[in-house]
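Here is the structure we will look at, set down as structure tokens.
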Amino acid sequence: MDQLSLQRYLKIAIPVPLRKIFHYLPPKNFPMDTLPGSRIRVPFGNQTLNGVLLGYSSKNIEDKYKLKKAEKLLDHSPILTKSVYELCVWASEYYHHPVGEVFAAAIPSLLRKGHSSNIEVEQFFLTDEGRNLDRGALRNAPRQHELISLFRRTKTGISRKNLNQISTRVIQSLVDKDLIVRKFMKSQPFHFDRLNDNDIIPTTEQQAAIKSVGESGVYLLQGVTGSGKTEVYLQLIEEKLKAGQQSLVLVPEIGLTPQTVQRFQARFRVKITVLHSALSATERLLGWQDMASGHAGIIIGTRSSIFTPMAKPGLIIVDEEHDSSFKQHQGFRYSARDLAVMRGKIENISVLLGSATPSLESLHNVRLGKYAHLHLRERPAGISKESYSIINLKHKGVVNGLSDQLVEMIDYHLSKKGQILIFLNRRGFSPVLLCSECKWMAACPRCDARLTYHLSRDKMECHHCDFKTPRPKACPECQGSELLKIGLGTEKIEEHLNTLFPNTRVIRIDRDSTRNKNSFGQLLKEIEDGEPAILIGTQMLAKGHNFSNVTLSVLIEIDSSFYSADYRAEEQLGQIILQVGGRSGRGKNKGTVVIQTHFPSQPALKQLIADGYEAFAEKLLKDRRENELPPYSYQAILRAESNSSSVALNFLRKVANIRKPNPSVSLFGPFPSNMEKRAGRFRAVLLLSSSSRGKLHRDLSYRISYAERLHSRRKVRWSVDVDPIDLF
């Protein structure tokens, strides 16, 4: 074998939708001891891409003469820690997703584009001349004088980020006068000296939960709403900070981060990093670097934060672990909760999953002995449990979704200076615009869906593809002038309540009212002032917020969940009822929860209210076991979409009809998605199910390999969804 055939090749993951590892020749002077996880620039087709080094190969490659040479090593050391690198490789295998795209999802966008990964911070220091400057020397430049005084008080360097309220001109003037000097410093590990003032004494239940959490393992903390789960989080994080270790806190919604950060900052004098999709690319990179360098002690973030490297990992917390927002629904369809569990195992640290309404999967894992089960069954002293009541809508007068009985209750709670929260999981004004003469309805031209009327913008909008069009003044079919706005949305409820209670603030919180940066935080401040108000919101208002003056929580328009084709619908409804209900009664006044329904005798609803979530979940688990549904079976979906309905279905039929590798794997479909047409493309699904996870994955791998060889794959977009939440 000649010397050339023995040379080492680079194995590189490239961010393209291909399930393969690419081989390249090393560039000139490439250090062959470079560790996996480093970025490397390579030619790919007629473009240049930044990939991630996976390792080396010395095997004899037949087409070695066709191999291209990598262009440039971008990092002297890996940008990913060994554990995050291993997590990405595992996730690629488990979710059957191209490894290059997995690494792309794990890395901030600026690093994907090739920006420097040097973790250096711009800092300014007082020079000897600045330190000895006469105090009256800058009397004609008050801003410069204030900045010099600030440096004298701190006695250390100050980062540019911490001077963001100071203009660049003022800073540069002091640099030009040699009073301060600019340096680029490596981020220093965080130093935890002490807590802010804290007089909270954990309850007996909280203390028991805190003591039960060890150095590793997975713990499910089930605590009724308002029982103090966050206090358990804070106590555990304090222990890690004292040990010089970092903590990662995952939250399901961007909207939860301001309150969480505020509470954590009030407790700890340590750098806290926040990561979510609303930040700029630069802000995300800086936060990522703060954790990777050890400069920050805590990270609070949404789903993708699970990939953030930690220099000194100590603890991962997943708050509201049951929430479906932790599942990515497009592209790389991972579960951040499940990746948190795997990352804890890889890093040998503890993982705490918190919820008042745990997922059935987590409760099942407790039964299997995989998770330890911790309980907080009581609210702290002085805070009573909320009471539930049902308003039967049969034979009741209802105007714009509100019964007369409910309006009276709202009026009563307002008279007692309380706040009211009304949950309606549908934004906009009306979901249907109907012609009274010919019965035409406004429909999306790109989806099998109706257009929703939005009063604030006076437009018709599709909530599935974002298609927008002006509201028609007349029916386009018969030219009729009477177009009826049918059905309820948060805007219609808001308008109706403003009419009923003109002297009361009505605050609407949904994706429309919180589009602008900081708008959600501003609305929360209005709520937190405690003045009487009516809050209307979608799910983003129901999750984890602590509103101390809400005394009445209301759920309307929930009946469709009782008879949904989705087997998860009852579980999700039970969770949302208790989560919304838990927003009330967190202060000194007892909370009341009202559910409006046409089906007051629905068995699941009655059991939830009478017996609580544990009995409710027990019944659902029994039903799942009898029907061989998750968590007692495992599922995966092959999804396909095309410009033609028949093309998508035929592609999946070919995948379904190959020789069946394993008889213990059941196939359902293929069939059109519930909403077949979306964003101009037709969608179809093929569901795989098995009682054996290993057999399911082997079967899935076989079918994926076959699908990749089909000529018809070029006419479809197809993807794999392991452990799906949305079936259709």
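Note: Cβ is positioned from N, Cα and C throughout, glycine not excepted.
The domain 'Helicase ATP-binding' annotation in TrEMBL covers 210-376.
If you look up TrEMBL, you'll see C435, C438, C475, C478 marked as Zn(2+) 1 binding site. Remark: C478 (Zn(2+) 1 binding site) has C435, E437, C438, W440 as non-local neighbours, by Cβ distance under 8 Å and separation of at least 6 in sequence.
According to DSSP, C444 (Zn(2+) 2 binding site) is assigned to coil rather than to any helix or strand. Long-range C-beta contacts of C444 (Zn(2+) 2 binding site), restricted to its own chain and to partners at least six residues apart, with a cutoff below 8 Å, comprise R450, L451, C462, H464, C465, F467. What TrEMBL records for C444, C447, C462, C465 is Zn(2+) 2 binding site.
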Binding-site residues compared (C435, C447, C465, C475) - the one with the fewest other Cβ atoms within 10 Å: C465
Per-residue Cβ crowding (10 Å cut-off), top of binding-site residues C438, C462: C462
Rounded Cα-Cα span from C475 (Zn(2+) 1 binding site) to C447 (Zn(2+) 2 binding site), Å: 20
